[in-house]
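What TrEMBL says about this one:
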REGION    1-20  region 'Disordered'
BINDING   Leu25, Arg26, Gly67, Lys70, Thr71, Thr72, Glu133, Asp134, Phe135, Arg176, Tyr186, Arg223  ATP binding site
DOMAIN    56-189  domain 'AAA+ ATPase'
BINDING   Thr71  Mg(2+) binding site
REGION    187-257  region 'Small ATPAse domain (RuvB-S)'
REGION    260-335  region 'Head domain (RuvB-H)'
BINDING   Arg296, Arg315, Arg320  DNA binding site
Amino acid sequence: MTEQDDTRLVDSGADSEDTAVEAALRPRALDEFVGQERVREQLTLVLSAARQRGASADHVLLSGGPGLGKTTLSMIIAAEMGAPIRITSGPAIQHAGDLAAILSSLTEGEVLFLDEIHRMSRPAEEMLYMAMEDFRVDVVVGKGPGATAIPLELPPFTLVGATTRAGLLPPPLRDRFGFTGHLDFYEPAELERVLHRSAGLLGVEIEPAGAAEIAGRSRGTPRIANRLLRRVRDFAQVRADGFVTREVAARALEVFEVDAGGLDRLDRAVLHALLKLFDGGPVGLSTLAVAVGEERETVEEVAEPFLVRAGLLARTPRGRVATPAAWAHLGLNRR
Ligand SMILES: Nc1ncnc2c1ncn2[C@@H]1O[C@H](COP(=O)(O)OP(=O)(O)OP(=O)(O)O)[C@@H](O)[C@H]1O
């Protein structure tokens with residue numbers, strides 16, 4: 001999981017409520033997994049071939065932003081292979097010994113899901129090379145000149161590594177994966193399918209236009225779509241008759257300050273300052289941050305990535321610049 005943020009509805013990392021609810025909403029088989037057609041087809045082939053050979057599947061690397069379905073896919077891989085799954089993450093493995101303990105307790109064919117694999121420590125990473133290639137590790141016992149390496153055979157297993165960007169991985173590690181799948185942001189129509197499926201599981205009645213309204217505000221991310229659906233459900237239950245129409249969804253998300261483009265209060269404050277105070281820029285990041293009363297890092301890491309992706313803001317060598325779409329989005333005329 002990525003950094004937690006309990007306060008932003010449109011953050012793509014998991015918060016504590018997500019963690020509790022997501023298990024119930026996860027698709028359990030490849031054909032329930034919405035979108036990502038290419039990765040799905042490629043994985044279907046890789047897994048079917050391994051099953052036919054009666055072997056464990058090749059190691060799989062999944063790249064893509066938070067909330068796009070990497071954990072879900074790893075569980076599906078295990079389910080499709082009829083294998084158990086062990087879940088851990090790079091930051092949890094600080095010493096080679098931590099990894100050795102996990103690897104040596106794997107059973108034959110087991111899937112090991114290593115989230116944020118790019119954040120593993122160097123010694124652990126080197127141990128992983130050998131484990132992936134030869135299903136063997138050298139466990140070092142003792143220290144100094146008396147230290148000895150005891151070779152340990154491992155049962156064949158499938159490593160599923162997840163990272164936000166495959167480019168963050170050192171090439172020797174990247175090369176040891178037999179298959180790399182990249183997860184893209186989802187199209188609104190795909191998010192609508194995610195929403196209808198989740199609504200069914202949560203017992204929420206929703207009309208197609210209601211799902212479309214939520215999908216358009218979900219930043220291409222299923223986790224955000226599912227989270228907005230839960231807030232819309234709250235609103236529908238308390239302020240309406242429980243049925244999610246387009247209007248109910250729009251009113252609910254207005255209350256929670258997520259606008260029609262999926263921007264929240266912070267995103268809009270940044271755009272607003274850029275347009276109104278600096279006439280669309282260019283303006284330096286620090287100046288912009290002071291203008292919205294936030295830390296520089298918050299503006300840069302929390303608000304900007306989506307504003308850039310949405311084509312509303314550009315980072316230039318001279319500073320931040322608003323695009324024509326930004327003026328249109330806030331309903332302002334360019335002076
Ligand atoms: N393709 C999909 N179809 C249906 N639901 C999906 C899909 N992808 C993700 N989801 C839902 O979105 C939520 C988040 O997915 P998941 O935990 O797999 O994301 P992740 O990429 O592993 O994120 P992180 O990197 O933060 O751990 C889950 O509840 C899952 O049900």
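Keep in mind that glycine also has a Cβ here, set from the backbone N, Cα and C atoms.
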When you measure from the Cβ of Arg320 (DNA binding site), which residues in the chain that are at least 6 apart have a Cβ under 8 Å away?
Leu274, Gly281, Pro282, Val283, Gly284, Leu285, Leu288, Glu304, Leu313, Ala314
Compute all pairwise C-alpha distances among Arg296, Arg315, Arg320, the residues listed as binding DNA, and give the largest one in whole angstrom.
14
Reduced DSSP assignment, Arg320 (DNA binding site):
strand
Length of the line joining the Cα atoms of Thr71 (ATP binding site) and Arg296 (DNA binding site), in Å:
31
Select the closest residue to Arg296 (DNA binding site) from the following binding-site residues, measuring between CA atoms: Leu25, Gly67, Phe135, Tyr186.
Gly67
Taking the Cβ of Glu133 (ATP binding site) as the centre, how many other Cβ atoms fall within a 10 Å radius?
12
Relative to ligand 1, which of the binding-site residues Leu25, Gly67, Arg296 have a Cβ found under 6 Å from one of its atoms?
Leu25, Gly67
Measuring C-alpha to C-alpha, could you say which of the binding-site residues Gly67, Phe135, Tyr186 are within 10 Å of Arg315 (DNA binding site)?
none
